[in-house]
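Remarks on the structure that follows.
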Amino acid sequence: MIDQAMTFLDWFGVVVFATTGSLAAARKRMDLFGFILLGTATGIGGGTIRDTVLGATPVFWITSPEYLLACVAVSSAVFFLAHIPQSREALLLRVDALGLALFAVLGADRTLAMAGGPVAAVAMGIVTATFGGVVRDVLSGESPGILSREVYASAALAGASMFVLLHEGGAGREIAVIVGFSAAAAIRFGALHWGWSLPRYGARGADRANEVVSS
Amino acid sequence: MIDQAMTFLDWFGVVVFATTGSLAAARKRMDLFGFILLGTATGIGGGTIRDTVLGATPVFWITSPEYLLACVAVSSAVFFLAHIPQSREALLLRVDALGLALFAVLGADRTLAMAGGPVAAVAMGIVTATFGGVVRDVLSGESPGILSREVYASAALAGASMFVLLHEGGAGREIAVIVGFSAAAAIRFGALHWGWSLPRYGARGADRANEVVSS
Amino acid sequence: MIDQAMTFLDWFGVVVFATTGSLAAARKRMDLFGFILLGTATGIGGGTIRDTVLGATPVFWITSPEYLLACVAVSSAVFFLAHIPQSREALLLRVDALGLALFAVLGADRTLAMAGGPVAAVAMGIVTATFGGVVRDVLSGESPGILSREVYASAALAGASMFVLLHEGGAGREIAVIVGFSAAAAIRFGALHWGWSLPRYGARGADRANEVVSS
């Protein structure tokens, strides 16, 4: 039951990131093949680095090529439908938040299943959740958003940590998945809606004084 | 016989991409070591990601370091000879087209040999063909050309698909290699010569209307 | 004894690169989490690609998560202390030089230990030494410095070559490590101090003539 649900979530995450990749292609006014390439790279990027680093090779899309076909289908659909949403930018950010939350939990879960410890599982959750977006940004010639945006990777950190804590603490895997996913998604949606951000370096007195001196 | 030919083609692909990497170094007026580093990274980049993702590790240049030495030799030669061609830019594009076509077929072939299916083989052909160029562009600080150029990765798609279709359909491996390579090379050369491109997103009526409204 | 020393050096290299990553975060005025993410990615980036390409998976930080915790601690410390040094830029360059020299030797050593040959060991020394910095530059949206700076990767080449020569030539591993590290560090410090650089492509007569003609 839970394994089927995890497989469904995995599919959902791939489809969601394939959508954000092809929405980025829409913003750059690429051709159909650019949509497919960027959508697929974004959809499978996080899982590819996860499997490679864990040594779970050949990676998942070699043994389960239906993930590739799903990315192609989704990206093609976006090519013909992306003009419909009122605001592509807002849609992209919201869809991306779902993928971030899903892959944070799934990356941590896969690492625990392969006998990685809790710290490695949290780190891998963050990597899996953010790497697809890094690939998307680099391939489309944008500066990677992962470090410059409002609360982003820290939402993945929170979700993955919550999942690992509950999972290792003996709560069922179902509950750990639901709470971890909800925590990450809620934090990222909150950040998008209310513009949450952490205090930046250099907003402190000492540094401001330095700036006055050096200017 | 065919295995020897495949090994020769593999060498040819590495040398060809080492050449495009070092021609990019010439455009950036790097020093000799920059030529070697960029030439080698471009020459072995596609094969490295192919082997890593397939789990064929240690990757090919650990077990066959003569590939590294060939890249060093080619890049050094380019450092001393790159001023000879009339147009470095045109040469780079044509040499790159050969490498693209070669690695599209070789990446697909290697994947089939490691028991990957046809869809995964085509995807890996595209990855192998384009990743060396992505590494070259990222390291030399250029926006990756893979998605912004005229018909490029789609030529790799066509060549890899043709190879896989013929190979799986029972035509000999020789014929599949020749036809796949020729298809990819012909499409890419045609695109360079006649400026072929696929219709871009946003060239349609609905979107143009949106632009008028939003401007 | 030497194995303990190597482990210490490995730790030192990770800490040193975590410092350069978080100093780069300071320059970009990121938040605490950006420091941690960029510091950790820079600290473990070189070793991750080394282990992945060698097939030594799961990579080191999955089995030894204390490396991750050390990166988090160092990056957090930099967040609160980075305003102290007089010149962050100069500090970053010097700390980076130490990491470069350490990882050049350690990457080559690990490759020899996994039965790679001398050429592959030198190449892997360069990759391990430079890749953390490439990850740092790409994630922080900077053009990778590896190819555009004064003598940089060539210092790693010199150190890794010296180590491999001495090691394969029968000098003890201790001596090989010390000489290799010192050579790489001395060259890079010299380059920083006296502005050493190799002659660039296009500084030769023929090309200058071309420029005159074309302008």
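Glycine is treated like the rest: Cβ placed from N, Cα and C.
Summarising the annotation, TrEMBL assigns transmembrane segment to B:6-25 (among others).
Annotated domain 'Glycine transporter' per TrEMBL: B:8-82 (among others), in sequence order. Across the domain 'Glycine transporter' (B:8-82), DSSP classifies residues as 63 helix, 1 strand, 11 coil.
Annotation source TrEMBL lists transmembrane segment at B:32-61 (among others).
As annotated by TrEMBL, transmembrane segment applies to B:67-84 (among others).
Residues annotated as transmembrane segment in TrEMBL: B:91-108 (among others).
Here the domain 'Glycine transporter' (B:95-167) has a mean pLDDT of 88 out of 100. Annotation source TrEMBL lists domain 'Glycine transporter' at B:95-167 (among others).
What TrEMBL records for B:120-139 (among others) is transmembrane segment.
Among the features that TrEMBL reports, transmembrane segment is placed at B:151-169 (among others). Listed by sequence, the residues of this chain that lie at least six past the ends of the transmembrane segment (B:151-169) yet keep a Cβ under 8 A from its Cβ atoms are 97, 100-101, 103-105, 107-109, 112, 118, 121-122, 124-126, 129-130, 145, 175-177, 179-181, 183-185, 187-188, 190-191, 196-198.
Feature annotation from TrEMBL assigns transmembrane segment to B:175-196 (among others). Same-chain neighbours of the transmembrane segment (B:175-196): 2, 5-6, 9, 93-94, 97-98, 100-102, 104-105, 108-109, 129, 150-152, 154-156, 158-160, 162-164, 166-167, counting only residues six or more beyond its ends whose CB sits under 8 Å from a CB of the stretch.
The stretches the transmembrane segment (B:120-139) and the transmembrane segment (B:6-25) meet in space: the count of Cβ pairs below 8 angstroms, excluding pairs fewer than 6 apart in sequence, reaches at least three. Proximity of distant same-chain residues to the transmembrane segment (B:32-61), defined by a Cβ-Cβ separation under 8 Å and at least 6 residues beyond the stretch ends, is recorded for 10, 13-15, 17-22, 24-26, 67-68, 70-72, 74-76, 78-79, 103, 107, 110-111, 114, 116, 124, 127-136, 139-140.
Note on the transmembrane segment (B:6-25): residues 34-36, 38-47, 67, 70-71, 74-75, 78-79, 82, 88, 91-92, 95-96, 98-99, 102-103, 105-106, 109, 132-133, 136-137, 140, 142, 177, 181 of its chain, located 6 or more positions outside it, place their CB under 8 angstroms from a CB of the stretch.
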